[in-house]
Structures are given as C-alpha cells and as structure tokens.
Amino acid sequence: MMKPSIAEMLHRGRMLWIILLSTIALGWTTPIPLIEDSEEIDEPCFDPCYCEVKESLFHIHCDSKGFTNISQITEFWSRPFKLYLQRNSMRRLYTNSFLHLNNAVSINLGNNALQDIQTGAFNGLKILKRLYLHENKLDVFRNDTFLGLESLEYLQADYNVIKRIESGAFRNLSKLRVLILNDNLIPVLPTNLFKAVSLTHLDLRGNRLKVLFYRGMLDHIGRSLMELQLEENPWNCTCEIVQLKSWLERIPYTALVGDITCETPFHFHGKDLREIKKTELCPLLSDSEVEASLGIPHLSSSKENAWPTKPSSMLSSVHFTASSVEYKSSNKQPKPTKQPRTPRPPSTSQALYPGPNQPPIAPYQTRPPIPIICPTGCTCNLHINDLGLTVNCKERGFNNISELLPRPLNAKKLYLSSNLIQKIYRSDFWNFSSLDLLHLGNNRISYVQDGAFINLPNLKSLFLNGNDIEKLTPGMFRGLQSLHYLYFEFNVIREIQPAAFSLMPNLKLLFLNNNLLRTLPTDAFAGTSLARLNLRKNYFLYLPVAGVLEHLNAIVQIDLNENPWDCTCDLVPFKQWIETISSVSVVGDVLCRTPENLTHRDVRTIELEVLCPEMLHIAQPGPSPPQPGDYHPNGGPTSASPYEFSPPGGPVPLSVLILSLLVLFFSAVFVAAGLFAYVLRRRRKKLPFRSKRQEGVDLTGIQMQCHRLFEDSGGNSGGSGGGGRPTLSSPEKAPPVGHVYEYIPHPVTQMCNNPIYKPREEEEVAASAAQDTGATDRGGPGTQPTGMAEVLLGSEQFAETPKENHSNYRTLLEKEKEWALAVSNSQLNTIVTVNHHHPHPHHSAVGGVSGVGGGTGGDLAGFRHHEKNGGVVLFPPGGGCGGGSLLLDRERPQPAPCTVGFVDCLYGTVPKLKELHVHPPGMQYPDLQQDARLKETLLFSAGKGFTDHQTPKSDYLDLRAKLQTKPDYLEVLEKTAYRF
C-alpha cells in the first residue's frame, strides 16, 4: 500500500480545517434552545388570559381582563402556577373562592378595589407562598381573614386604608417572614400581634403610629429581624417612646432603615429619635428608672449576647446584614477581617423582599457591593437599598471639617455633632454633594462663610443648634434650595437680615427658639413655605404682621411661648393675626409680661378695648363707614389686609404709601388720556344739521355780537351830539410788507364789517313798531313776519353814512327782543346762489334790482321787490317768495318775505367755513383777506356809484384769479345751491 504523498496530506488537512470552520460558523449562526424555552406548555390556558412557562412554573397572566369574581376562572391546573389578576374589578373575595386553584404558589390581586375578604376565602391554598393585596380598599384584617394560608411567607398589603388589625390576624401564619403594611391608616398595633410569626422584614412606613410598646410587641419582633422601616409616622417623643428608643439600641444599628422623626412635642419636631437623650425625653426619671418602669430588661453582662448600644460602640467589628454594612476606620491600617457568619437563609429559595409593587425580588447580599471609604476615626454604615453611606463622626474632637480624610463616597448622612468646630468654609463640603442630612450641633461655630453650603444641593436637614452664631444672612444659605428642616436653637442669634431665608423655597421647619432675638426684619420669611416655626424663649415684645407674619401662609404650628410680650396697642395686629389662624396652630400660651395689670394673661383672651384703650376714642366719632385697616373692638379688620393697624399717631407703612402713590399716578394718567381723547374727538367731530330753532339761536348770538361790536365802536369813536348812531370801526390797516402774519383779524369782526350784515334803521323801526302793535299787527291778514337777518338790496342798503335819526336808535335790550322775535317767526332755512353767467355781463346787481318785474340782465334780474318801511325785500319771480328766478327758497310755499339765517348762510353750505367758526385758526393769509375785500367792493359798491361799465367781468375774474388761492363762502354761493 502506497503511503499518501505530502500533497495529499496537505489537501486532507485543508479539508479538515474547512469542515471544522464550517461547523463553528454554523454553530454561531444557529441558536441553541435554552432549557426554559424548550419547555413545552403541557397545561391548557384559559381564555382570555395569556400563559407561559418560566423557571418550571406555569404563569397565567389575567391582568386587566375585567373579572369581577374568582369563580369566573373555571380552568384547573395540576402543576404549580402563578396567577396574576391585577387591575380587575373584584370588589369582594367570597368563601371558598380558590378551592379549584389549590396548586397556586403566588396570587397577585393588586389594584382590584377589594373592600372585603370573607371568612374562608383562601381555603384550599395550602401551598400558597406569596399573596399580593396592594392598592386596594381593605380597611381591616380580622382574626379569620387569612385562614388556610399556613405556608404563606410573603404578604404585601400596602396602599390600602387599613385602620384596624385584630391581635390574632397572623396567628396561623407561622412561616410569614416578610410583612409590608406601609401607607395605610394604622394608628396602633395590638398586643401579641407578632407572637406567632418570625419576621425578618417589617415595613410600617406612612401610617399613624405614635408609639410602639415593648411588652407584647417589640419583644416578639427582634428575634430574627433584619430590616425595619418606621419612617413617616407621627411619633410622640415623650416618656412612652423611651421603650422604642431602648429597644433600637439593642438591635443592630443598621437594621433600622431610615429615621424615626419626632412629630410631637413641638420642640422635638423633625429630630431623629436616636439623637435625643433619654433624659430629654423623660426628664423626671433616670434611664434605669425609665427602663424598670416600662419593663425593659437590662442588657446581659455577657459580651457574646450583647448587641451594640450605639454607633460609637461598633468599633471593633464589621456587621453585615441584609440591608447594610458597618465599617469602622481607625488610625492604624485595618487588618483583614474574618469572613462573617452568614445569616440564616430565608425559608424560601427565592428572594423575599421585592419592591412595593414588583413581585420579583432580588436575593439579599451578604457582602458590601462596593468598597467602603470611611474618614479616619469615624464609623460608616452602608445601606444596600440605596447604597447610601451614613458617616458617624460624633465626639471625635475635630477642629475643622477639612480633617475628614479620606472623603467618603455617596455619603447620605454626616454626623459631626459634639466636636470643636468653630468656622465653616466654602471648601469644607467639596465632596459631599449627595448629603441629605448634616448634623453640626453642639460645636463652637461662630462663623459661616457665605456660600459655605453651596456644594450641598440635595441637603434636606441641617442642624446648627447649640453653637455661637450671632447673625443670620442670606448668603449663608446659598445653595440650599432643597432644604426642608433647619435648626438654630440654643445659639446667641441677635440679628436676622431681611430675606435671610428667601433662598430656601422648600423650607418647611425652622427652629429659632432659645436665642436673643428682639424683632424680625421685613420679608424675613418671604419666599418660604414654612409649616412649623419655633420662636420660643426669645425677647420679643411684639411681632410685626406686615412684611413678617403675613408671609406665613402655610403655617401649621408656631411656638410663641416664653417671650416678654408687651400687651399694648402695638400688639393689636399680632393679636388679630393669631386669632385668625387655628387655635391648634399656636403651641402653648402667649402670656403678657407688661403692663402690670395684664401680666400672665394670654393675649388671645384680652379684649381689644383693654389691650388698646385708644381704640375707643377712635371708634367714638360716629357712624363713618369702615375704612381699610380699621379695627373694631368686637371684630377684626375690615379690609383684605387684616393686620395693617397703626396706633394713633403712628407712621404710615412705606408699602401702603407707595401703593397709594402708584394708584394715584395711574388714575391721573388714565383721566388725562380720557380727557385728551374726548377733546380731540370733539374737535374733529363735524357739527350735525340743526333745526330751525337752533339756527335762529345761533343767528341771534352772531347778531348780538355784531351789535355789541357796533356799540363798542360807536362808543369809542363817539357820535355827534352824543346820540349819534354807532358805526362800525373802520377796517384795519393792511400790515406792512414783510409782516403779513403780524395782524390776523378775527373772523367775526371781519364778518360784522361787511355792510350786508349791518342792521338798517328802517328795519329796526319796523321791528320796534311790530313789537309795539302786538299780536294783532303780527298775525293780521296781509302782514308778513319779520325775517331773521333779511337780505336787503338797494341803494339805501349800501349807504356808507346812514341817516342821523335819534328816534330810530334803540337800546341793546330792545334789539335782543327784536332778534328773538325774528327767530321765532323765521320760515326760511335755505339759500341759493346768484348765477354770474347771465346773458348781460355788464349789468350790475343794483341795476337788476332797479328793473324788477322786467329786468333780466343783472345777477338779481327777475326778482320782484316789496317795499316795507322804506326798505326793499326781494322775492323770487316764482315759487315760495313770488315769481322770477329763485334766490331764496323755502321748505313750503308762503307769501311772506324771505329771510335767511345768517349763520347757515355762511357756514351751512361750506363745511370749511363752519369749521373755521367753531375753531378759529391762528392766522389768516393776506391774499385771502384782500380777495374777500375785493369781492366785498365788487358786490356792494353800488351805493358809492359803482356801475357796470367801470369794472368789466373779465377784469374782475382776472383780478380774482390773481388774489384768490382758496374758495371762500361768496365763491361757493356764486356757483352752487344747497338745500338743508
């Protein structure tokens, strides 16, 4: 047989490698089924539930399926199973409900709104080990509630409303190890409740427990206890709680998770029970007497059975428990310790203590998960639940916090009380950002640098009691935005700066008792949410309400006892304030020190008349309405500021003064703005069309003003014989060139200078005669009512020098009566303009009048006239005032002479002139004035012999085009006719 060649061997080797690599690759890409996944479901599931197999157990998930009764689950399972029935609607568990589910090892009934469990409801569940009843509405555990659960090891009933537990409720649960009853309403635990059980974990947080007695209660718990939680209960720290304190000193220090915080009495509120001495809790008895009276056994003299009494005694050993580890650091290099004895494992192979709502539980560790770094000379305790470290450095003789080396990791609580620390610097807490409690009490601290606690953002409790601090400033508390409890009692504090606590918005408790305070500054408590305040044993004579006590909106308790209150008028606001809060909120008495007649009397029992007699004098002046801030003997303040009271002659608070000034300022601004808007609107608003009576009234005003102007001018210029008719003053001289704006005549003066508006003597005589003759002359047939400002055209109308007839002149009163009569009889309210484009441009206006009845060439051609008292009144040739072309129109036909309202004639047809009359402008332009005078000359110069051949129309139009830049009322009258 031939041996294979080297080439064949190499080929075979390559093939083997290829096969091997292929096998490895195939193994990587092909999943290997796990034992758990390979298990087949050999049990039927129940619709609509979901089933699976985990860890050799059958899991049946029936959460949120709407079940109202256990009997609705009709399936039977022969193998051990876990049943999940969370978030259903089972209000009650009936007797023998679980008989067909006898193989269940865990049942979760959480969040079902359960209200009652009938006797024997759990019959048949002999192998059940875990029962979850959390988040229901159970209010009682009776002696027969848990019958049939002999194998139960874990019971979770948190977040219910349990108020009563009967003493035999757990007597049949001999294997119970974990009991979770947190967040219920349990006020007291009955005697011998835990006699038949051996608990390792007990959670009683968030109930209403005030005390736990030793006999029949604590003596049954401590036999195998590994973890105890008692937080968030209103513990009453008096003589009775000494039993609990003494018992806590006999169990491992780390077995207690959290603090036991005192609720009452008030001077212990917020303090840890373990930090209070027994002599303070019960000052009348010694420790041995207290223990003897309460039946607490003395510690055994044998070292083997002695438990450490306080953290400082645990100096030579390391204790490993279910939830914490204690480690002591010494000056020497620590030697390796022996492996501690492992605690007796729990009865179940699984973990026993899950979270509040999570069924799976991790097993407890017996070794610290991380290395412990503890400062030299201190004792450290590590809690497994949050990996927080408690550093105990009490009574170690430290002079500075910087001596704490090495710095611990994740320290939660740091106790440095009873040392020799004098100053606190900003750099002292550079590696303590995780602290939630810092105890610096009973040192010699007199200086705290601003921002010293800025590196402690998570700090919730700060103890600075029993030091030498004299002043509190806002900078001291910078960075303490999470602080809840602050203790400053037994210092020498004399001064608190304004807004000292404003940087601590979450502050709930503040102790300032036993200091040297005499007053509190403004805004001392602004920005805080204080619920408890202790001001006991200071030197307060009174406390201001405004700016101080008024900020205590969330106050629950306040201690004001042992202060030298001065019961005078200054105390009235304070008295009113303490009467408005609940009587339960004020701890103790508020006794007067002065004056002598009120010594040792409670401020709340003194009437206001006795406290402040001056108030009687203030209240006597009578029935004036109550003003804000007033106090009355039988009542409180009458305003929303119930504590703003100033004694007689006292100064007005600055805040009230500033507020009043602001109110006045804004009121003045709004009033001024309103007036400005009103005036502006009035200026811009156009006058509406008016009635005939309003036109007459306006005309009367203008006429009277013109008459006054005539008489004033006549008086100034004099008259012949002293009785001459007053004449209008001569027109003003034109201003010199370059000063065209220096003289601006008033429009009324210019208007009255126009001869067409001057009253004629014949008209005055006729009006006087009409007034004398009475109603007969006015109302007889054939008579015409006197027109209001009749338009008279004729040679006599334009005479520049009227006739001297003293009998025709009347007083101003007579003229006013005449104008009033004319107003009442006025019938006309419209005017039409004269047409300038007539076929005979060379005819003058006067010529047209001369030819009434047949002349048609002038501007007034076609008008017929009516002579009355020597005057001429024009009538249209047809229509209302006679025949001919219309110059004057009326609303309805009347044979009376036509009269024209003067004001409406001027302003009714030209809005711009009306606006000029209402708001005279500041100036007038010379060209407009000259144009108006030129028109006046052209229109009314007939009396001076002006004829049509002297000024042809073309020259007039050229001259007017040169002088006039804006239309005036005469131009408008010449071109357009309006009816209004």
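Including glycine, each Cβ sits where the backbone N, Cα and C put it.
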Tell me which of 762-785, 834-857 corresponds to the region 'Disordered' entry in Swiss-Prot.
762-785
Using a Cβ-Cβ cut-off of under 8 Å, list the residues of the same chain that are 6+ residues beyond the ends of the repeat 'LRR 10' (482-503) and lie near it.
267, 270-271, 441, 457-474, 476, 509-518, 520-528, 534
Mean pLDDT, the domain 'LRRCT 2' (563-614)?
88
Tally of DSSP helical, extended and coil residues in the repeat 'LRR 9' (458-479):
4 helix, 5 strand, 13 coil
Could you put numbers on the helix, strand and coil content of the repeat 'LRR 8' (434-455), residue by residue per DSSP?
0 helix, 5 strand, 17 coil
